Amino acid sequence: MKGQQKTAETEEGTVQIQEGAVATGEDPTSVAIASIQSAATFPDPNVKYVFRTENGGQVMYRVIQVSEGQLDGQTEGTGAISGYPATQSMTQAVIQGAFTSDDTVDTEGTAAETHYTYFPSTAVGDGAGGTTSGSTAAVVTTQGSEALLGQATPPGTGQFFVMMSPQEVLQGGSQRSIAPRTHPYSPKSAAPRTTRDEKRRAQHNEVERRRRDKINNWIVQLSKIIPDCSMESTKSGQSKGGILSKACDYIQELRQSNHRLSEELQGLDQLQLDNDVLRQQVEDLKNKNLLLRAQLRHHGLEVVIKNDSN
């Protein structure tokens, strides 16, 4: 947003600018900052000043003072500036309005034109056109900001304002130090994509080749173990699928044989138990037979055992 203000010279010889109004175009919604008080305008018709906003934000400026003695003693191309304390600073909010091409002010002038910049304070008043009571808005003039940047401010002259971005203010003539990088920047020198792809493809092919070799070796081992599936038949045209199929059949046959053998083994164990019981019974009967024979001899009876050949 761009606005225009009028100035008035006080009795103390300090050049001050009263609260101004916003120049509006065809947009009726543009809101004025404050009413213009009757005062003499700038004697120089080339004097221009603008409100500059970034990203549609609010304009903030600080109350400063330009002494008459400093203005009389300065040469063309320089400007002496002193600042008020932070407690005397004021804020003013500016509402953005639409401007036509006729209302715009050309801010890019020659080196002889005087430009004005409003510097921000720490707070912004609520509402459009809200100002702090009893404070006035002052303007900073400059003719050559590049020349002022290289000069140090004499002691006791207060703050030093630079005509650039409102956030960039150098105090006491000291230069602002730039924070170093946390880590040095190293540009990436990546190899061409084709070389990277070829390397990845070659590595993938090598892995696949090793995997195929392992599978082939395992199939050869199976062909040696499975009956009727020797290397000769494999070389004569036996496919890998046929070898694997025979391996599956052979494994199924082995499982069935193992199950059958386990059942037969359980039957043998049962027969062994039965045989042990029968053997014990035979031993008991033999002992009883011997006792009976002894009793018969004791009573004078002779026992004759006849073997029937029939």
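Glycine is no exception: its Cβ is also placed from the backbone N, Cα and C atoms.
According to Swiss-Prot, the feature region 'Disordered' maps to 1-26 (among others).
Summarising the annotation, Swiss-Prot assigns compositional bias 'Polar residues' to 1-17.
What Swiss-Prot lists as region 'Disordered' is 171-209 (among others).
Secondary structure by DSSP for the domain 'bHLH' (199-254): 47 helix, 0 strand, 9 coil. Annotated domain 'bHLH' per Swiss-Prot: 199-254, in sequence order.
Mean pLDDT of the predicted structure over the region 'Leucine-zipper' (271-292): 94. The annotation region 'Leucine-zipper' is assigned in Swiss-Prot to 271-292.
The SUMO2 cross-link feature in Swiss-Prot is assigned to Lys306; the stated evidence is similarity to another entry. Around the Cβ of Lys306 (SUMO2 cross-link), the same chain contributes no residue under 8 angstroms that is 6 or more positions distant in sequence.
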